[in-house]
2 protein chains.
Amino acid sequence: MNSTEIIQSASDTASSCPFASIPPIFWLVPIASIVALGFALYFYKSMKKEEAGTEIMQKIASHVRAGAFAYLKQQYKIVGIVFVVIAAIFAYLGWVAGIQNKWVWVAFLTGGFFSGLAGFFGMKTATYASSRAAWAANHSLDKGLRVAFRSGAVMGLTVVGLALLDISVWFLILNAFVEDASASKKMVIITTTMLTFGMGASLQALFARVGGGIFTKAADVGADLVGKVEAGIPEDDPRNPATIADNVGDNVGDVAGMGADLYESYCGSVLATAALGAAAFMSDPATQMKAVLAPMLIASVGTILSVIGIYCVKVKSGANSKQLLGALGKGVNVSSVLIILSSLAILKFLNLPNVWGNWAAIIVGLVVGILIGKVTEYFTSEAYAPTKRIAEQAQTGPATVIIGGMGTGMFSTCYPVLLIVVGTALSYMFAANWDISNMASGLYGIGIAAVGMLSTLGITLATDAYGPIADNAGGNAEMSGLGKEVRRRTDMLDALGNTTAATGKGFAIGSAALTALALLASYVEEIRMGIAHGVGGGGKADAAVAALGKLGKTLENANLVDFMNVYEVHLMNPRVLLGLFIGSMMAFLFCGLTMNAVGRAATQMVNEVRRQFREKLGIMEGKAEPDYARCVEISTKAAQKEMIIPALLAVFAPVLVGLVFGVAGVLGLLAGALAAGFVLAVFMANSGGAWDNAKKFIEQGNYGGKGSEAHKAAVIGDTVGDPFKDTSGPSLNILIKLMSMVAIVMAGVTVACSMF
Amino acid sequence: MNSTEIIQSASDTASSCPFASIPPIFWLVPIASIVALGFALYFYKSMKKEEAGTEIMQKIASHVRAGAFAYLKQQYKIVGIVFVVIAAIFAYLGWVAGIQNKWVWVAFLTGGFFSGLAGFFGMKTATYASSRAAWAANHSLDKGLRVAFRSGAVMGLTVVGLALLDISVWFLILNAFVEDASASKKMVIITTTMLTFGMGASLQALFARVGGGIFTKAADVGADLVGKVEAGIPEDDPRNPATIADNVGDNVGDVAGMGADLYESYCGSVLATAALGAAAFMSDPATQMKAVLAPMLIASVGTILSVIGIYCVKVKSGANSKQLLGALGKGVNVSSVLIILSSLAILKFLNLPNVWGNWAAIIVGLVVGILIGKVTEYFTSEAYAPTKRIAEQAQTGPATVIIGGMGTGMFSTCYPVLLIVVGTALSYMFAANWDISNMASGLYGIGIAAVGMLSTLGITLATDAYGPIADNAGGNAEMSGLGKEVRRRTDMLDALGNTTAATGKGFAIGSAALTALALLASYVEEIRMGIAHGVGGGGKADAAVAALGKLGKTLENANLVDFMNVYEVHLMNPRVLLGLFIGSMMAFLFCGLTMNAVGRAATQMVNEVRRQFREKLGIMEGKAEPDYARCVEISTKAAQKEMIIPALLAVFAPVLVGLVFGVAGVLGLLAGALAAGFVLAVFMANSGGAWDNAKKFIEQGNYGGKGSEAHKAAVIGDTVGDPFKDTSGPSLNILIKLMSMVAIVMAGVTVACSMF
């Protein structure tokens with residue numbers, strides 16, 4: 001019995017069971033979720049069993065943990081209020097005004113909840129892991145790697161596990177409750193509804209990234225500028241009042257923020273692809289079901305393969321840096337090769353139309369992700385020419401370092417963009433069987449390429465999350481006076497993390513672009529649903545149906561191009577052009593707000609640290625304890641206050657543009673934000689990374705080494721780069737997707753209420 | 001006899017005279033050109049009659065002049081080669097391959113020639129004016145203003161005079177030589193052909209801006225970093241080896257570069273609007289002629305009004321700074337008010353359809369230009385909060401200054417973008433009589449708003465060009481030891497210039513955006529011509545005609561939306577989306593290349609100046625003369641070498657995208673470059689301006705004043721801002737328009753040869 005028969009027979013079964021229409025293969029999704037969460041729990045428990053180090057190490061770790069949780073509690077309070085207000089608005093629009101899907105408010109809340117939960121678990125693990133990883137590194141390098149990496153894996157597996165849980169539970173619930181005579185229409189309703197929980201996840205992720213990013217960089221910049229540059233004490237020196245805040249920041253920004261961010265990308269890519277699949281194959285319910293399941297199954301199998309990959313990361317005791325890198329690489333490579341093979345098996349089993357084309361799209365996605373990672377590494381690692389050149393420019397002072405880093409970052413955008421262009425074109429053309437007019441299949445191909453890229457997120461995120469854990473372990477070792485050797489080892493682990501993080505960033509940024517492209521197409525599907533909601537009211541929805549009728553189409557059989565025609569989404573329409581301008585501006589405005597927030601908070605931090613050094617004379621001699629709590633408080637307050645406006649801006653922009661310029665304006669806005677935001681994000685991430693490593697290159701003894709004028713210049717470059725690469729840059733990815741998600745959720749309102 | 005009768009009777013006249021079809025009112029255009037050029041000559045002669053100062057002043061001025069002309073000669077050599085090669089390609093495509101208008105190569109060459117000539121005359125004037133303005137300032141402040149401002153006026157009037165000359169000569173020639181049975185088709189051919197000479201002007205402008213920008217900023221950065229920061233000597237100190245290069249740079253970058261740039265904007269807006277008018281009113285030859293003439297006439301009257309405005313700039317002897325600013329403002333305001341009144345008269349006389357709507361569009365253009373200028377001033381002047389805040393952040397070091405300036409610059413983009421959005425929407429809607437589907441009239445309205453904005457360029461450019469002249473006068477005074485009082489006066493004149501330059505920049509940047517929007521629409525008209533060229537060859541042109549036929553349209557009566565349909569220029573088309581990505585990336589890549597060029601050249605300059613200080617010990621004591629020529633040479637070589645790649649990139653990108661992704665891809669590219677490039681340009685200009693003035697604010701004695709740590713940090717910010725505001729930022733405006741122009745010129749090739 002092949003898959004079609006299985007699926008067919010499943011839908012033939014009596015409808016007594018609400019899940020009868022769901023093919024058995026679907027159950028792989030919840031199973032993968034349980035596997036991932038189970039292993040996450042197991043790794044967490046075995047990490048907790050490790051020795052937590054000396055008393056002072058535990059004390060420092062508990063300080064950091066307390067600060068991190070205090071921050072997160074504050075953050076979730078504010079975020080909670082925002083979520084309740086927005087959910088109430090959605091409930092009103094759905095139940096009272098009746099211009100929207102009624103379940104959006106629940107989907108919104110659960111998306112936000114799970115995304116926040118992923119961040120919370122990741123951070124909890126990280127704060128327990130730091131002293132343990134430091135203590136393990138005290139024993140040996142390879143033991144340090146194992147503890148840090150397995151802790152990172154907790155985060156990776158929690159994110160994918162929760163995402164698959166959320167997806168499978170919702171899929172089952174909606175299958176049971178959505179009622180529609182036509183099976184294929186039902187599936188469109190299910191997938192478009194599921195897509196809306198992406199908005200909750202995105203909004204949570206934005207708060208986490210922006211709030212966490214401001215927190216961590218205010219502390220980092222403040223600690224570096226006064227500690228390293230002015231007072232000349234090393235990083236993480238316990239005499240520095242901002243050092244605890246700096247370590248708290250690593251946890252709330254780099255760990256919790258990243259967790260929420262990638263949770264969102266992962267769900268977004270799977271759900272957007274499912275929605276595109278449901279739309280593309282509406283004419284044939286059996287094929288439609290396969291197209292909806294394919295992204296979920298690829299993600300599920302990828303999750304199981306990630307666990308296998310994690311087990312492949314092993315090093316012999318006494319391994320050197322290269323062997324460590326090889327071990328990490330092996331884990332990722334094993335998972336990637338296996339997912340390529342398994343995805344062919346999945347597609348073959350499902351017997352989707354154009355198996356080879358879709359498989360090729362998946363491979364394209366993975367390869368592009370890897371290549372973007374390589375390019376990122378080339379432009380940001382001190383092993384290559386661009387970063388070395390920036391270090392060289394440090395000899396002529398901070399101004400030339402900054403100019404050089406900016407220039408390099410801007411120049412470096414061309415490669416990722418060209419890779420995305422080629423990757424998108426190829427995945428589209430493969431999936432469309434080389435017929436460019438076969439738009440529905442081609443766009444599905446772009447979605448499936450994004451899913452392919454993110455399928456092994458369980459392990460790629462582990463290699464990414466492990467970096468901040470190693471960094472924190474180093475901080476802990478430094479503060480508790482464990483000695484130079486441990487610090488050297490944690491530095492090695494951290495440096496390793498920087499290299500793998502480059503790959504991770506490649507996947508994050510590449511998948512964001514592809515997912516956003518897929519979301520653009522999904523938005524048009526939501527417009528179809530939005531029109532359906534409004535039909536019969538005598539308003540704009542009826543006018544749209546009439547316009548489709550003039551093209552000889554109905555609301556059901558109209559394709560994407562018909563909607564483009566009806567809403568005039570072409571480049572001579574002033575609504576589209578002005579939307580493009582606003583979208584492009586949004587990316588810059590958002591960065592401006594977050595950069596300014598970091599600048600303001602860092603200035604406060606610098607003044608506070610200077611004040612403490614000045615007023616408490618015993619600090620520098622190590623006789624008086626600095627007031628760490630005050631610095632944590634400054635960062636917390638600044639982050640809480642400054643994250644609101646950028647987040648609300650991202651929520652309101654698509655709504656307002658929709659109300660004024662309609663569907664055409666919104667699509668212009670999203671396309672403009674995507675095109676400009678993606679390039680801006682790459683620029684900021686690469687400039688920031690290059691400055692960071694140019695400084696490291698000098699610290700290795702080049703151009704005068706530590707303490708030289710060149711080093712001081714490079715530290716200034718690094719400090720400017722901090723908000724680039726850890727606040728504004730990564731938030732842009734979420735901004736782009738959040739705006740798409742808001743547009744998707746508000747599609748009904750846009751259809752019904754636009755002015756022009 | 002009203003205008004319609006005049007025009008009608010003109011075309012009724014026997015065709016013995018080749019200009020018979022041209023209404024007499026047209027002759028206002030060449031007359032305005034002659035008036036402008038005549039007054040430019042007069043102002044030039046009276047400037048030359050002024051005393052040139054002491055012998056040492058004349059010597060310094062001749063050094064600077066020699067350097068500037070040596071540079072320009074070098075530059076024109078290289079540019080000449082590029083122009084000859086490209087013209088040959090155009091000649092081949094037109095005459096041999098036959099897929100393009102045959103006169104493009106001539107149009108291309110003349111556009112480039114006149115644009116270069118405008119820069120040359122401006123620079124010649126500026127280099128003679130500097131010592132004279134300094135000497136005049138030695139007498140009194142108001143005399144200094146008069147000399148400097150009248151010299152700036154030479155530049156302003158030369159630019160508009162040459163532009164109107166070029167336009168009127170070509171209009172006459174083409175009217176005499178283009179043959180077509182239908183008068184309205186003939187006019188479309190004439191206007192679309194004329195548009196192609198914009199490419200020559202754009203390319204020349206790009207070379208001038210990029211080459212000049214690299215030259216001036218390499219010298220400036222080098223001079224500042226070693227002179228001001230390391231050696232602690234004042235700006236323009238004759239002991240600094242880079243100081244002559246710095247002054248040469250002001251002339252080749254700020255004067256010649258700006259002249260070529262605005263020549264290009266001015267022609268572009270007039271010609272794009274004429275082409276849109278010809279297309280919009282094809283059904284009615286008499287109205288069509290009016291719509292073509294309207295932008296030319298508004299520009300002509302604006303030119304004459306600019307001369308009146310220039311004569312209004314008068315100050316009594318002993319005037320203070322506020323009175324000086326008032327005098328300059330009065331000149332601009334008088335011209336602006338008069339052009340508002342006269343343009344109504346012009347429209348009334350022509351009796352264009354929807355006189356009031358088009359008049360409203362002109363007013364919108366002027367108001368938006370002024371408001372963008374005000375916003376620019378707010379974000380970059382030390383009189384307002386944003387710049388003061390950046391100065392405050394200088395107290396915590398260079399890193400926070402840089403972060404603050406970047407944040408402020410990015411944030412500041414929202415106002416100009418919103419102004420452009422509102423301005424575009426209003427000018428479109430006014431001209432379209434509030435019917436959004438009246439696309440042809442609406443787009444014409446956007447064009448006419450741009451013309452309105454630039455109509456008084458004669459005087460706004462005068463207030464802009466006067467800044468670098470005052471700056472150079474200050475340099476001359478400093479180097480020749482004229483004493484502090486003169487320097488104080490020239491500094492006052494320079495500061496005044498900064499304020500008026502903010503307004504000038506508002507016009508430049510606003511008009512670039514509007515013109516680029518108009519060019520986007522003109523591109524579609526060129527596609528129509530491109531198809532017409534290729535019809536009958538059995539290729540893609542025939543396919544396009546057939547596709548139009550399916551919509552029930554012919555090549556002649558198809559409107560813009562029909563072309564959007566045939567070429568699928570909607571936002572679900574992957575060609576469009578990928579074009580958007582590439583366009584957005586182009587803006588960043590271009591900035592990256594130019595920033596890196598400045599960084600590299602500045603590093604060379606710093607090393608050279610350090611070397612001279614180290615090896616020639618007498619320099620610092622004023623006993624040995626530094627080797628100025630070597631520094632000029634470094635800047636010249638760097639500029640020559642580094643300007644080629646960015647320029648060629650801008651030329652080839654639209655061609656390559658067209659060959660791969662066709663018309664839809666090119667429109668995506670242009671829209672993406674416009675949306676991202678405009679915002680990026682505003683960001684870079686405003687960050688750079690704010691850093692500059694934050695430094696000035698500290699130099700006024702705040703936060704420790706000159707020599708304090710805060711001042712050092714602010715100088716670093718200013719140095720980073722130099723390539724932002726004077727190299728990369730302003731070049732972006734040209735990049736956007738050059739890419740549009742290349743696309744326009746290559747429309748035939750794109751239609752005939754695209755792959756997908």
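In case you wondered, yes, glycine gets a Cβ from its N, Cα and C as well.
Pulled from TrEMBL:
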TRANSMEM  A:25-44  transmembrane segment
TRANSMEM  A:78-97  transmembrane segment
TRANSMEM  A:103-123  transmembrane segment
TRANSMEM  A:153-175  transmembrane segment
TRANSMEM  A:187-207  transmembrane segment
TRANSMEM  A:263-281  transmembrane segment
TRANSMEM  A:359-380  transmembrane segment
TRANSMEM  A:401-430  transmembrane segment
TRANSMEM  A:442-462  transmembrane segment
SITE      A:ALA501  site 'Determinant of potassium dependence'
TRANSMEM  A:576-598  transmembrane segment
TRANSMEM  A:647-680  transmembrane segment
TRANSMEM  A:734-753  transmembrane segment
Cβ-Cβ neighbours of A:ALA501 (site 'Determinant of potassium dependence') (radius 10 Å): 26
Segment-segment contact (the transmembrane segment (A:263-281); the transmembrane segment (A:187-207)) at 3 or more Cβ pairs under 8 Å: yes
Criterion met for the transmembrane segment (A:187-207) and the transmembrane segment (A:78-97) (at least three Cβ pairs under 8 Å): yes
Listed stretch, out of A:25-44, A:153-175, A:576-598, A:734-753, that has the most CB pairs under 8 angstroms to the transmembrane segment (A:78-97): A:734-753
Which of A:103-123, A:153-175, A:576-598, A:734-753 contacts the transmembrane segment (A:25-44) most, counting Cβ pairs under 8 Å: A:153-175
Per Cβ pairs under 8 Å, the stretch of A:153-175, A:576-598, A:734-753 packing most closely against the transmembrane segment (A:103-123): A:153-175
Sequence-remote partners of the transmembrane segment (A:734-753) [C-beta within less than 8 Å, at least six residues beyond its ends]: 90, 93, 99-101, 104, 108, 192, 195-196, 198-199, 202-203, 205-206, 209, 261, 264-265, 268, 512, 515-516, 519-520, 522-523, 526-527, 529-531, 533-534, 537, 539-541, 544, 583, 586-587, 590, 646, 650-651, 653-655, 658-659, 662-663, 666, 669-670, 673-674, 677-678
DSSP-derived structure type at A:ALA501 (site 'Determinant of potassium dependence'), helix or strand or else coil: helix
